[in-house]
Amino acid sequence: MEYIQNIYNIVNDYWLLSIIVGLTSVFVESFLPILPLVAIVTANAALFGMYQGLIISWIGSTAGTICLFLIVKKISNKKFIKLLKNEKVEKAIDWVEEKGFMLLFFAYACPFLPACVVTISQGLAKRHTTDFISAVVAGKLVMFFIVSYIGKDIVGFITNPLKVLTLVLIIFVAWKIGNKLNKDLDNFEKKRMNEE
């Protein structure tokens with residue numbers, strides 16, 4: 001427990017630097033999806049409080065996702081971007097174009113879908129920027145609100161069986177939604193292959 005208190009003291013002593021690190025880490029995660037987004041958002045909420053951690057995470061991740069989208073959209077006609085176009089990205093482009101805003105909203109609200117692939121596919125598909133931004137802003141806000149709510153009192157979630165059960169239920173529902181969307185993507189691909 002002393003270790004956690006030391007982290008809180010460092011955050012309080014270097015408040016602005018801590019905010020910059022929290023914001024930058026979720027920004028960078030948009031480009032490098034190997035970073036654990038849920039862990040970063042949880043840490044921000046635990047260190048800064050629910051609302052401040054939520055805002056820091058939401059601004060950083062949304063800005064990173066929008067930057068990635070704009071970069072891919074800008075260079076999508078270049079030859080080297082063709083390397084990014086693989087079967088998974090092509091399937092995501094076709095599927096998301098067919099489904100529209102609601103799918104994008106769920107893709108960014110569900111932590112079990114590869115948001116980086118969705119972002120790249122939307123940049124390659126030349127989706128209208130305002131449609132993309134509205135889905136990202138709304139979807140990430142929902143996901144980060146849930147994760148920040150858990151992160152603000154992580155010890156309470158660990159020690160309270162009802163909170164743990166609620167968390168498991170939320171994770172299960174999010175996983176089911178993500179799984180359903182992935183199956184829909186596969187079914188769409190099979191349907192497209194049969195039509196060709």
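Cβ from N, Cα, C; glycine included.
Listed features, source TrEMBL:
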type	residues	note
TRANSMEM	15-41	transmembrane segment
DOMAIN	36-152	domain 'VTT'
TRANSMEM	53-72	transmembrane segment
TRANSMEM	101-120	transmembrane segment
TRANSMEM	132-151	transmembrane segment
TRANSMEM	157-175	transmembrane segment
Same-chain residues near the transmembrane segment (157-175), Cβ under 8 Å, at least 6 residues beyond its ends | 110-112, 146, 150
With Cβ distances under 8 Å as the criterion, find the stretch in 15-41, 101-120, 132-151 that has the most pairs with the transmembrane segment (53-72).
-> 15-41
According to DSSP, how is the domain 'VTT' (36-152) divided among helix, strand and coil residues?
-> 99 helix, 0 strand, 18 coil
Take every residue in the domain 'VTT' (36-152), average their pLDDT values, and give the whole-number result.
-> 81
